Amino acid sequence: MTKLRQPNLQLADGHTMPQLGFGVYKLADQATMNTAIAAAYQAGYRLFDTAQAYQNEAELGTAFKQLALPRTELFITTKIAEVNQGYDNTLRSVELSLKRLQIEQLDLLLIHWPIHSQFFATWRALERLKAEKIVRSIGVSNYHQTHLDYLATKANEQPVVNQIENHPYLSQEPLLAYNRKQHIVSQAWSPLGRGAVLQDPTLIKIALKHQRSVAQIILRWHLQRGLAVIPKSQNPQRINENATIFDFKLDADDMTAIARLNRYQRTGDDPEVVYQIEHQYH
Ligand SMILES: NC(=O)C1=CN([C@@H]2O[C@H](COP(=O)(O)OP(=O)(O)OC[C@H]3O[C@@H](n4cnc5c(N)ncnc54)[C@H](OP(=O)(O)O)[C@@H]3O)[C@@H](O)[C@H]2O)C=CC1
């Protein structure tokens, strides 16, 4: 078995988190999940990122069990779905997530999207789950600076991770700088832009120069900016390819060229819009 040789990032709460993780969004049936998780574990991934909204926590938990992966080696993240926000709903929904995942404790629990009406109630529930050691670390996802600032006005614990959309067409440097300033680790979702950036001529040129795939160049770019990444693939060869990114380096020219590709292009929803639309109804 490939021995894990990948870095951990230090979190502000004293825990650590693998910099490379495996996203399981859209992995649906048990056979596909088992194949993907087996390939990912073999390739050295230890962090697995799911969410209540993906409706595949049960399949992920079953895959861990059927493949007999040691719990102590795994770092498991899930996220509170919009419909489960609020204090009591969050507590109840986490109990169900743990059952589906067949585990006693989560390594990281995130609020999936900033929802105005439930903002503090959901966070209070996360703080309680952390105090009760049901969750080791707590964080947020899709939070902009305004949401982080708003949360900070009443939170006892600050989030240690902000999982945000990030790829060469949406590099979000100001938000990354703000996360850093607040000692929050930025974790890139859709790190490959869901495939949208893979045909970019600049990236293809850099890939040819390093004799690597475009996906590897992008993931390496994330790592060198200090981000955590959670690429998804259901193809064992690509799963392995995406993990083979610790044995080469991009130079300053490559980093500058990739930084110039930013064009504010999202693959998913804009958190500001989600927050404001929801705000109108409360
Ligand atoms: N917090 C949030 O709101 C969100 C979090 N996420 C998380 O982030 C993870 C990753 O994001 P996701 O949206 O899936 O997008 P990614 O950027 O990881 O891209 C996944 C797509 O790229 C393809 N792909 C993967 N590797 C390669 C490769 N080496 N070469 C060519 N194509 C490749 C995959 O196809 P194939 O499977 O066929 O290889 C798939 O279509 C999710 O699984 C989820 O865990 C995602 C969205 C929102």
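First residue shown is number 1, and so on along the chain.
Placed from the backbone N, Cα and C atoms, the Cβ positions cover glycine too.
In the three-state DSSP classification, TYR54 (active site, proton donor) falls within a helix. Under the heading active site, proton donor, TrEMBL lists TYR54.
Among the features that TrEMBL reports, substrate binding site is placed at HIS112. The local packing around HIS112 (substrate binding site), expressed as other Cβ atoms within 10 Å of its Cβ over all shown chains, amounts to 21.
Annotation comment: TrEMBL describes 20-262 as domain 'NADP-dependent oxidoreductase'. Residues belonging to the domain 'NADP-dependent oxidoreductase' (20-262) score a mean pLDDT of 97 in the model.
Secondary structure from DSSP puts LYS79 (site 'Lowers pKa of active site Tyr') in a beta strand. The feature site 'Lowers pKa of active site Tyr' is assigned by TrEMBL to LYS79.
A separation of roughly 9 Å, to the nearest angstrom, links the Cα atoms of LYS79 (site 'Lowers pKa of active site Tyr') and TYR54 (active site, proton donor). Applying an 8 A CB threshold to same-chain residues 6+ apart, the list for TYR54 (active site, proton donor) reads VAL24, TYR25, LYS26. Of all the Cβ atoms in the protein chains shown, 24 others lie within 10 Å of the Cβ of LYS79 (site 'Lowers pKa of active site Tyr').
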